[in-house]
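Taken verbatim from TrEMBL:
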type     : residues                                                                                                : note
ACT_SITE : ASP77                                                                                                   : active site, proton acceptor
BINDING  : THR15, LYS16, ASN17, GLN18, GLY19, LYS20, SER78, PHE160, GLY161, TYR162, ASP163, LYS183, HIS188, ARG189 : substrate binding site
BINDING  : ASP77                                                                                                   : Mg(2+) binding site
Amino acid sequence: MNNRQAPNNKIVLATKNQGKIQEFKTLFSGLGIEILSLKEFENVPEIIEDGTSFEENAKKKAETICQFTRLPTIADDSGLVVDALAGAPGINSARYAGENATDEQNNQKLLHALAGIPKEKRKARFVAYLAFAVPNKETIGVEDIVEGYILESPRGQRGFGYDPLFYLPELGKTMAELDPEIKNQISHRGKAMRRLFHLLKGEWEQ
Ligand SMILES: O=c1nc[nH]c2c1ncn2[C@H]1C[C@H](O)[C@@H](COP(=O)(O)OP(=O)(O)OP(=O)(O)O)O1
Ligand SMILES: [Mg+2]
């Protein structure tokens, strides 16, 4: 049996973010793999996201939780990169308005930071780095992005995080106005997960 095969078809998702958990459950549905999030474990070690890149933080999350659970573990480190803000909030997206900031507070801070900046200069991208850690193996990772613009006020009720401010010109909608399946088709996270499936497919089929 290959080391990266999922024992008992369980994979741990190293996050407590309910929005991410929901999206990953949809991405894995029908594959016969059970996704366990950190909500299903007790005494989970605290992970300080002190890396200097999405990759470093994702690998730290995946490896810490893999050591703790001894199960194959996926971690997602993601965020919003805004050109007019020199790449901010970037890897600090979750903590943009403070350590325990709500999505609402982060969105407000983003709107203030971009006040007065015209539409064509509000270009941004979501980035997701997914790290996959297995006991005694080198961690692998993939990254993907989706490009859009930051609106001047929120639109839509779905999704999470910065979704209500993130406008997709091709669709004429914000991320928060998309059906969850459509978001997974076009999102940074959905695209990165399909890359990871592709990478692992060969190994799981051996
Ligand atoms: O599809 C998305 N739609 C909207 N916003 C998003 C998305 N993807 C990431 N984001 C934002 C939310 C959060 O402000 C930050 C992720 O921060 P990040 O540290 O990776 O996640 P987190 O702290 O919420 O959960 P955890 O670290 O336990 O996985 O980027
Ligand atoms: Mg985080």
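Positions of Cβ are set from backbone N, Cα and C atoms, glycine also.
Overlay of TrEMBL annotations on the structure.
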residue : record                       : Cβ neighbours (10 Å)
THR15   : substrate binding site       : 20
ASN17   : substrate binding site       : 17
GLY19   : substrate binding site       : 16
ASP77   : active site, proton acceptor : 28
SER78   : substrate binding site       : 26
GLY161  : substrate binding site       : 21
ASP163  : substrate binding site       : 24
HIS188  : substrate binding site       : 22
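DSSP gives ASP163 (substrate binding site) a helix state. Across the residues annotated as binding substrate (THR15, LYS16, ASN17, GLN18, GLY19, LYS20, SER78, PHE160, GLY161, TYR162, ASP163, LYS183, HIS188, ARG189), the widest Cα-Cα separation comes to 20 Å.
Secondary structure at SER78 (substrate binding site), taken from DSSP and collapsed to helix, strand or coil, is strand.
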